[in-house]
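Below is one structure, written out as structure tokens, with a few remarks after it.
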Amino acid sequence: MRRYPKPGDIALVVALLVPLVVALPRLGWPGAEGAGAWLGWIGRTTGILGLAMLLLAAAVSIRLPGMDRWFGGLARLWHLHHWLGFGAFILVMIHALALGLAAVSLSLEVAVVTLFPPLSHAAVWFGWLAWLAMVIFLAPTFDFFGRPHYQRWKRLHLVSAAALVLGLGHALLLAGETALWWLLGLAGLAAIAWRKLVSPRVARHAYRIETVTPLARGVVELVLAPEGKGIEHEAGQFVYLTPLDETLTAGHGEEHPYTIASAPGDARLRIGIKDLGDASHALLGVTPGTRVLVEGPYGEFYGRRFPERDRLWLGGGIGITPFVGGAREIAERGLAGGRVHLVYLANGPDRAYYLDELEAIGARVEGFTVTPHFYRELGPLTEAFLREHCSDFTEREIYLCGPPAMNAFLKRLLADQGIPASRLHSEVFDFL
Ligand SMILES: Cc1cc2nc3c(=O)[nH]c(=O)nc-3n(C[C@H](O)[C@H](O)[C@H](O)COP(=O)(O)OP(=O)(O)OC[C@H]3O[C@@H](n4cnc5c(N)ncnc54)[C@H](O)[C@@H]3O)c2cc1C
């Protein structure tokens, strides 16, 4: 079984290649003209591709509920956004280097003037300023600088709008064909304007926190009731939650992604929250009755992948929440398709927050089985444990969600059993 490209992937590749294809007749083919001509050609093509990538990276950051599914969910779309931005940066570096080296083949003086002409050559200086803006907003993403503070990094990302405008100025002054650049530029800038200015005002739904139920140390479940028309979701999807409680010690007015743990069709949203940082810690003490804004839903953890097949769900820590939503759906609507076996990975019974409810659903619904695995008693999950409790696990569609280290461990364990990556579906609660 193969993973097929999503419709959004194909649209992205087309949008990326069109500016290059349109420009190719103007760029010509260096053929046997020598190294200098080739370097000039490489410099120009990488410039075109690099700018197209930068503008598309901005365009795909638009975040519209439903649109992320064209790309396989928002987490995957963020990875595409990340790689487009990174690819743009590398291509822009090659662009400048290749054009400089092409000019060196004439003379060093020509090379210096090509790269650093008098200030009146606005096009080139727009290019350098765009590059500088890219360095500023991309630098914190490189591991070299350590892990960036998420909210500071997001604010710094606004500099990308300057890179877009300057890069566009560079292209419009130099390129023969401007209509496409206008189109891509507008798509990128419109996406940023939507995210920062329009969406916070029109795309968020008001909810009120009804209850805050402690589930374990550092873990609560919030129940949110819609004030007006709420959202409709599928199991395993997530929302961006913005608390408006001004008495919170952190995270007031900040949006954070959380999985919806309630069954689809339930107008109230249930959200399990674990203390993983300052904003989530503050939410543990949020006052019932206060308001939050909810944007979404996003993601397609379960997607529409072969519901008729038997499934194995492996959930650990707070990564159990998409499976809680899935189990609550099964409790209300019964099993739609194959059997489901949930292995709940927790350090011990005290950390298996939802186990009682999940086991009660397992006792009621035939074909839905729940097996806890406690790390403190049994150590890491093994193939033998899986085979003992779910003998046909290698034949099933497998869904994983947990901390990054757990996901990586499970993927290795399952790959060692010869399970192809195409049958593993995973979500990591981390976008960077
Ligand atoms: C798809 C998805 C679903 C999630 N579902 C749940 C859930 O059901 N329950 C739960 O407790 N947690 C969930 N999380 C994790 C939750 O979003 C983070 O714990 C929370 O944002 C941390 O913020 P903080 O300020 O408390 O901690 P910080 O110290 O700021 O961050 C801790 C970690 O969370 C990441 N993070 C912080 N802010 C964001 C953000 N706005 N977007 C993406 N990542 C961020 C950081 O990269 C860091 O790795 C989910 C995350 C994702 C991506």
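Sequential numbering from 1, following the chain as shown.
Just so you know, glycine gets a Cβ as well, placed from its N, Cα and C.
A TrEMBL annotation is a machine prediction, not a hand-curated record.
As given in TrEMBL:
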| type | residues | note |
| --- | --- | --- |
| TRANSMEM | 39-62 | transmembrane segment |
| TRANSMEM | 83-104 | transmembrane segment |
| TRANSMEM | 124-144 | transmembrane segment |
| TRANSMEM | 156-173 | transmembrane segment |
| TRANSMEM | 179-198 | transmembrane segment |
| DOMAIN | 202-304 | domain 'FAD-binding FR-type' |
Same-chain residue ranges lying at least 6 outside the transmembrane segment (179-198) that approach it to Cβ under 8 Å
15, 18-19, 22, 51-52, 54-64, 158, 160-161, 164-165, 168, 171-172
Take the domain 'FAD-binding FR-type' (202-304) and count its residues per DSSP category (helix H/G/I, strand E/B, coil), listing them in that order.
7 helix, 44 strand, 52 coil
Winner by Cβ pairs under 8 Å against the transmembrane segment (39-62), considering only 83-104, 124-144, 156-173:
83-104
On the 0 to 100 pLDDT scale, where does the domain 'FAD-binding FR-type' (202-304) sit on average?
95
